[in-house]
Amino acid sequence: MQIFVKTLTGKTITLEVESSDTIDNVKSKIQDKEGIPPDQQRLIFAGKQLEDGRTLSDYNIQKESTLHLVLRLRGGMQIFVKTLTGKTITLEVESSDTIDNVKSKIQDKEGIPPDQQRLIFAGKQLEDGRTLSDYNIQKESTLHLVLRLRGGMQIFVKTLTGKTITLEVESSDTIDNVKSKIQDKEGIPPDQQRLIFAGKQLEDGRTLSDYNIQKESTLHLVLRLRGGMQIFVKTLTGKTITLEVESSDTIDNVKSKIQDKEGIPPDQQRLIFAGKQLEDGRTLSDYNIQKESTLHLVLRLRGGMQIFVKTLTGKTITLEVESSDTIDNVKSKIQDKEGIPPDQQRLIFAGKQLEDGRTLSDYNIQKESTLHLVLRLRGGN
């Protein structure tokens, strides 16, 4: 069948393909016609960047479909990785490399399996699926490599009565695991335990190594008295959820309860009270949230952000987007909200008309940026 590939210069290339062709094959055909190396090609269809190993039929690309070709400038760069022994490793990477890719490169150089590597930049532990550009890691940035050692150690837990409990743990144990070990020894249910280290309340899903808890560290155990209260959580759709909580509950705990009720992952939740966004490690009592208080829940799309779109009538529309969304995606979201077909929309930012195949990040459109929407009258340009 025939498909079309449109470049940013406006040129359209026609390719003969089969639905079983992979995206790699298509990139090779483009190289044959245009001389552009596959590793500099990004192909976009229906607002999605296409992955090399997938086939055209995987993406439901049919005859006479149009793909958009965006060039990936050779964006090789060097970064440094510093180990705890003080050794510095130099890596050749691209901003689009994922943290997994970087760990594989470290394995190639140093022989350390990726699952024993933790990479830190600007004080943050880097997540495998994210890219270097997601973390704004630029050329000659230095990452820190911490090894996740296999193997156990002892830690101490001190109660308010002054009693000290000794536990056998591993750095990869989660706080939940530690609470279960305390329950085994002392019979205290995990939901009545609050663990404190270095002045911080420890969150259940995190590991000991996340908090830099090492052998012979001492944690403090505070009991959470039963004696709950009800609070309300109001969503943007106007729905109100009732939760049973305690003043000593952390914001993380509250988000977990919302997940149990509504199925919304905590990392997509933003909670607002008295105009303030609530921070995960803090407790309800830190914010003076009392019984029958109402919190507001705003959804955070993955890696998402809000942008505004202003129409000529002066109306402003708020959209939840991601930097990797293409202009097509944004037009579809506007259609969902306002009913305006994408082909009648022209979007302007910083005086430039935005092109469909490009992404928000291509135009450096960041959270709370304002785009302008101009309607394209039928029959005109």
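Placed from the backbone N, Cα and C atoms, the Cβ positions cover glycine too.
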From the set K48, K234, K310, Swiss-Prot tags as ubiquitin cross-link just K48
State the count of C-beta atoms found within 10 angstroms of the C-beta of K11 (ubiquitin cross-link), not counting that atom itself. 10
If you measure from the C-alpha of K11 (ubiquitin cross-link), which of the recorded sites K27, K29, K33 fall inside 10 Å? none
K6, K27, K48, K63 as recorded sites, winner by CB count within 10 A: K27
Which value does the mean pLDDT take for the domain 'Ubiquitin-like 4' (229-304) in this predicted structure? 83
